[in-house]
Amino acid sequence: MAPPTRLQVPRPGTAVPYTVLLGWLLAQVARAADTTGRAYNLTWKSTNFKTILEWEPKSIDHVYTVQISTRLENWKSKCFLTAETECDLTDEVVKDVGQTYMARVLSYPARNGNTTGFPEEPPFRNSPEFTPYLDTNLGQPTIQSFEQVGTKLNVTVQDARTLVRRNGTFLSLRAVFGKDLNYTLYYWRASSTGKKTATTNTNEFLIDVDKGENYCFSVQAVIPSRKRKQRSPESLTECTSREQGRAREMFFIIGAVVVVALLIIVLSVTVYKCRKARAGPSGKESSPLNIA
């Protein structure tokens, strides 16, 4: 009599782990298929309200459409079916720089120019929220002019233009931020490295310096009320020059001498003509008569 056949029971750690591993692999494949070409790493790049949304990846088999909205508005589509990985949203965010904006990037498989057959609900990725007034970076300021006269140094910062409009006119950075915008001046003797600072909520500085010393300086835009992105990069460094100051003084001295000389000449000619005009009639009356 043959012995009964024993039932083969899977050993722990063999068939079950294989099943789990297979399920995990299928899940990873499904995830990869779902995310291939889908936009990610959405980033706002904004300076002085010039605002661009960037994302990844640079795909050859997907195109993208960007949508933007505020918290109370419907989505508005921009940059339709673009193969690029950036979209300029400046014209939308400058409408109200105090609003908070949200954007999302929809991903579509490329169709060689054929826009039919796209899914009604394509995969998309949301951006972080963006409030232009709080989140745009301050651009590098420019020193418009400077002059050192004696113990006074006057520095004027150029009022940068933005793409924010009011009544059809582009506003300056000062017009947008008002007194929230400060400038810090860093200045030092050209012969030393010890820096001093001055701050103003206008675009001009007038500071006391040592007479006869050259000074170097730079400026930086600051919004103290912000929690982040408070400061701009520093401007290019400018320096005064005693030679320039002396040349300016000589120019004014020479100009004054020329003006005085011209006045003397004009007065002399005028006096001469007046005397000649007076002497003419009297000379005729006193001349003897010619008797034939």
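Positions of Cβ are set from backbone N, Cα and C atoms, glycine also.
Bear in mind that the values here come from a model prediction, so they are computed numbers and not experimental data.
As recorded in Swiss-Prot, the features of this protein are as follows:
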DISULFID  Cys79-Cys87  disulfide bond
DISULFID  Cys216-Cys239  disulfide bond
DOMAIN    35-126  domain 'Fibronectin type-III 1'
DOMAIN    148-240  domain 'Fibronectin type-III 2'
CARBOHYD  Asn41  N-linked glycosylation site
CARBOHYD  Asn114  N-linked glycosylation site
CARBOHYD  Asn154  N-linked glycosylation site
CARBOHYD  Asn167  N-linked glycosylation site
CARBOHYD  Asn182  N-linked glycosylation site
LIPID     Cys274  S-palmitoyl cysteine
SIGNAL    1-32  signal peptide
TOPO_DOM  33-250  topological domain 'Extracellular'
TOPO_DOM  272-292  topological domain 'Cytoplasmic'
TRANSMEM  251-271  transmembrane segment
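Locations of recorded Swiss-Prot features on the structure.
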residue	record	Cβ neighbours (10 Å)
Asn41	N-linked glycosylation site	11
Cys79	disulfide bond	18
Cys87	disulfide bond	22
Asn154	N-linked glycosylation site	13
Asn167	N-linked glycosylation site	5
Asn182	N-linked glycosylation site	18
Cys216	disulfide bond	17
Cys239	disulfide bond	14
Cys274	S-palmitoyl cysteine	10
Have a look at the recorded positions Asn154, Cys239, Cys274 and say which one has the shortest Cα distance to Asn41 (N-linked glycosylation site). Cys239
When the Cα of Asn154 (N-linked glycosylation site) is compared with the Cα of each of the recorded positions Cys79, Cys87, Asn182, Cys239, Cys274, which one is closest? Cys239
Under DSSP, the domain 'Fibronectin type-III 1' (35-126) has how many residues in helix, strand and coil? 5 helix, 46 strand, 41 coil
Would you mind reading off the Cα separation of Cys216 (disulfide bond) from Asn167 (N-linked glycosylation site), to the nearest angstrom? 40
Between C-alpha atoms, which of these recorded positions comes nearest to Cys87 (disulfide bond): Asn167, Asn182, Cys239, Cys274? Asn167
Which one is it, among the recorded positions Cys79, Asn167, Cys239, Cys274, that lies nearest to Asn182 (N-linked glycosylation site) by Cα separation? Cys239
Provide, as an integer number of angstrom, the distance between the C-alpha atoms of Cys239 (disulfide bond) and Cys79 (disulfide bond). 46
